[in-house]
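Pulled from TrEMBL, these are the features on record:
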type: TRANSMEM; residues: 23-49; note: transmembrane segment
type: DOMAIN; residues: 39-288; note: domain 'G-protein coupled receptors family 1 profile'
type: TRANSMEM; residues: 56-76; note: transmembrane segment
type: TRANSMEM; residues: 96-118; note: transmembrane segment
type: TRANSMEM; residues: 130-156; note: transmembrane segment
type: TRANSMEM; residues: 198-223; note: transmembrane segment
type: TRANSMEM; residues: 235-258; note: transmembrane segment
type: TRANSMEM; residues: 270-290; note: transmembrane segment
Amino acid sequence: MSNSSSLNEFLLLAFVDTWELRLLHFSLFLGTYLSALLGNGLIITAIVCDHHLHTPMYFFLLNLSVLDLGTLSTTVPKSMANSLWNTRAISYSGCAAQVFLVVFFLGGEYFLLTVMAYDRYVAICRPLHYSTLMGSTACVKMATGAWGSAFLHALLHTVNTFSIPLCQGNTVDQFFCEIPQILKLSCSDSYLSEVGLIAFSASIIFGCFIFIVLSYVQIFTAVLRIPSEQGRNKAFSTCLPHLAVVSLFLSTDAFAYLKPPSISSPALDMVVTVLYMVVPPALNPLIYSMRNKEFKDALRKVISW
């Protein structure tokens, strides 16, 4: 029996045991991480440098890219280092920092994707009021609200999680410090306060999801009323990337946390976690650049410098 006050490290779940497979895991994560750094870095650079992209939609996309980079940088480098050096250890303070940053960046993405849905709704359903409702001051306030809400959300979860007595060892069945896995180490019913906080957070996320769905119902209704095919295609081209990102983000998260316990296993849990922690941030730059001619032109300028 161990107590949280005496813990100085946690042991993360290793992907594989043999050197060859560890090297393969390291290489795959390294390739994914570098491609995400490049893709999101190009998005940030293009938006900052091209004045044609100084609009609310691209301002929020810039913020999303920063959050994507933060999400990946919180978990992937540590996992690569552990795999390369054949270790599973993470310090107690490192684990707490990882929990805070994971909740902060993921929460920020949820809130920002909701704001981006509102931006698309105003642009298509209320175009005459767009400059008023989505002015620079309003956009900064919305982005600040998303970041600030994510910070408070992460702070509450981190403080609450690490104030719970831990007496079931120090092995975390995940490749990073994840709150549900840490709660498995808690003593008796001491984790119930955090479970209540998780349920409250889930209700907020569900509210964001409902807001996004209702926004897109109205958006698609308005788009289908546009008489010209060119106008409909232009409207769809600005909405579909965001909708694809939301779908990828929410579907992988939902499967990770709502899958039946009967099919749960450490190996499956790890694979599913990789799907929602690593894949969306790496694919977002590709999704946003596929059907957006204006953004492609800006990227070509950046690459040609």
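Placed from the backbone N, Cα and C atoms, the Cβ positions cover glycine too.
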Confidence summary for the domain 'G-protein coupled receptors family 1 profile' (39-288), mean pLDDT rounded: 85
Non-local residues, at least 6 beyond the ends, that sit with Cβ under 8 Å of the transmembrane segment (198-223): 107, 110-111, 113-114, 117-118, 120-121, 124-125, 153, 157, 179-180, 232, 235-236, 239, 243, 246, 250
Within-chain partners of the transmembrane segment (235-258) [C-beta distance under 8 Å, separation at least 6 from its ends]: 57, 64, 109-110, 113, 116-117, 120, 123-124, 180, 209, 212, 216, 219, 222-223, 226, 269, 272-273, 275-276, 279-280, 283-284, 287-288, 290-293
